[in-house]
Amino acid sequence: MAADQASDPTAAISSGSAAGRPADPAADHDARTLRRARFGIAGTFGLAGALCAVWTVRVPALKDKLDVSDGQLGLVVLAFGVGGIASMALMGRLVARYGSRRLLRIAVPLCTLAVACIGLSPTLPVILAAGLAFGVVFGVTDVAMNTQASLLEQRYGRSLMAGMHAGWSIGAVVGGLLGALAARAGLGFTASVAIAAAAGVPVALWLRGTYLPDAPPARRPGAARQESTAAPGAADAKTGTPGKARIRLPLAVYVAGAIAFCAFMIEGAVADWSGLYLRDTLGSAEAVAALAYPLYEAAMAAGRLTGDRITNRLGARTVLTFSGLATAAGLAIALAARGTAAGLAGFFLVGVGVCLVVPLAFSVGGALGGGDPARAGVAIARVGAMAYTGLLLGPVLIGFLADASTLRTGLGVTVGLAVVVAVGARFLPGGRHLAHDAPAATGAAEHPENAERLAA
């Protein structure tokens, strides 16, 4: 029982004392708040995954609707990536000033409206504008929901990020299957995407009430002393304005960002091109080709549901190394395939391999924030901006390579990126509980040497 309470704060704060005293009503309320937040944050990941998947799996239908080339189709993804990077460049300041909860309450409903605009866009220029707008609000959503997940990890004192990202994968599976069913039923791109976006609006509005406040639940020992002795002429840690010490991120944050960059290039390539690869290169029917993405996301969901337990046992560095190698193997199988079954099997293995890479990258960034939500937000925004650069460049690069040669050749670059993930993992901090070693992660603000140990 004690071990369970140590790993789950909701058990400890709601069970009362060892002497049999009744539980504190305030503690019970806090336990309910944590459970609600855990469900709501995972649900936000799920809604985001569904919104992306429902139009991603219909890329072949979008190509037919607009009558464009692979290279022109890649510009739609380029617009999305530009919007995401532009918003992420500001997210460190925005999270510090407004908090991730307030940002999510605004951005998530706007995401559903932006996806509806993508579905209703009649021409390439209009859909480029809609993709740019979706990228902006999605970039805000992505950083803010990962910041919320990092706050939740700190409250629980253990890894939860993979489970949160499993919500994304489950949502993507649902959205992908709905897209595949729409294709089988003969619904066009416009109708299927607009209907799905409309269904997401009430979900987005309900989720607004589930998020955690960004302020730490209690002031840590020494916090007041730190504030009172801050150098008056230094730069503010949150805003960069004169007043307090400026935030300095450890090198490990940038290593995590580089790994996320490679992983997002791979994820973007599979999401945007797997259906077209199966249909145009392997000769699959469109309804079958549309299954590639939900199958890939199903593999990711299964891996992420068990990923926190695996990471706590083996350590992030080991998990990332094997993830990179498994991803490379899956991509090689898919690209060497001569039939639909082998292609689908390869993309399934890619999902198993890559599923934990991005969650661990964000988890490392948040943990290196030292328990400070503003600092964690800055670190996650930095990792996110690097990751979205990969999401921006990957599909566009593959589209242009496909125009110049073949789609199989264009997708071949992802094998090398998977190997980079495996090698780059060796440069991350070691330790089984990399992201949430409680003394280090929660005490870094009072004890800078702990943050340095995490980044060593």
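Just so it is clear, glycine is given a Cβ too, placed from its N, Cα and C backbone atoms.
Per TrEMBL, the feature region 'Disordered' maps to 1-27 (among others).
Taken from TrEMBL, the feature compositional bias 'Low complexity' covers 14-25.
As annotated by TrEMBL, domain 'Major facilitator superfamily (MFS) profile' applies to 36-433.
Taken from TrEMBL, the feature transmembrane segment covers 39-61 (among others).
Per TrEMBL, the feature transmembrane segment maps to 73-91 (among others). A Cβ distance under 8 Å defines the sequence-distant neighbours of the transmembrane segment (73-91), meaning residues of its chain 6+ beyond its ends; these are 59, 62-63, 66, 124, 127-129, 131-140, 142-144, 268, 272, 377, 381, 384-385, 388-389, 391-393, 395-396, 398-400.
If you look up TrEMBL, you'll see 103-121 (among others) marked as transmembrane segment.
Residues or ranges marked as transmembrane segment by TrEMBL: 127-145 (among others).
Taken from TrEMBL, the feature transmembrane segment covers 166-183 (among others). Beyond its flanks by at least six residues, the transmembrane segment (166-183) meets 41-58, 61, 191-192, 196, 286-287, 290-291, 293-294, 297-298, 300-301, 304-305, 307, 351, 355 of its own chain at Cβ-Cβ distances under 8 Å.
If you look up TrEMBL, you'll see 189-207 (among others) marked as transmembrane segment.
Residues or ranges marked as region 'Disordered' by TrEMBL: 217-240 (among others).
Here TrEMBL flags 251-270 (among others) as transmembrane segment. For the transmembrane segment (251-270), same-chain residues at least 6 beyond its ends with a Cβ under 8 Å from one of its own Cβ atoms are 77, 292-293, 296, 320, 327, 331, 347, 350-351, 354, 357-358, 360-362, 364-365, 368, 379, 382-391, 393-395, 398, 411, 414, 417-418, 420-421, 424-425, 427-429, 454-455.
Taken from TrEMBL, the feature transmembrane segment applies to 314-337 (among others). Within the chain, the transmembrane segment (314-337) has long-range Cβ neighbours (under 8 A, six or more residues past its boundaries) at 259, 266, 274, 277, 282, 307, 343, 345-357, 360, 363-364, 408, 411-412, 414-415, 418-426, 428-435.
Remote same-chain partners of the transmembrane segment (343-368), defined as residues 6 or more beyond its termini with a Cβ less than 8 Å from a stretch Cβ, comprise 146-147, 149-150, 153-154, 159, 161-162, 164-165, 169, 249-250, 252-253, 256-257, 259-260, 262-264, 266-267, 270, 274, 277-278, 282, 284, 291-292, 295-304, 307, 310-311, 316, 319-320, 323-337, 376, 379-380, 382-384, 387, 418, 421, 428-429, 434-436, 440-441, 444, 451, 454-455. Taken from TrEMBL, the feature transmembrane segment covers 343-368 (among others).
The transmembrane segment annotation in TrEMBL covers 380-401 (among others). For the transmembrane segment (380-401), same-chain residues at least 6 beyond its ends with a Cβ under 8 Å from one of its own Cβ atoms are 70-71, 73-75, 77-78, 80-82, 84-85, 88-89, 91-92, 95, 139, 142-143, 146-147, 150, 249, 253-254, 256-258, 260-269, 272-273, 358, 361-362, 364-366, 369, 407, 409-411, 413-414.
Residues or ranges marked as transmembrane segment by TrEMBL: 407-428 (among others).
Here the domain 'Major facilitator superfamily (MFS) profile' (36-433) has a mean pLDDT of 83 out of 100.
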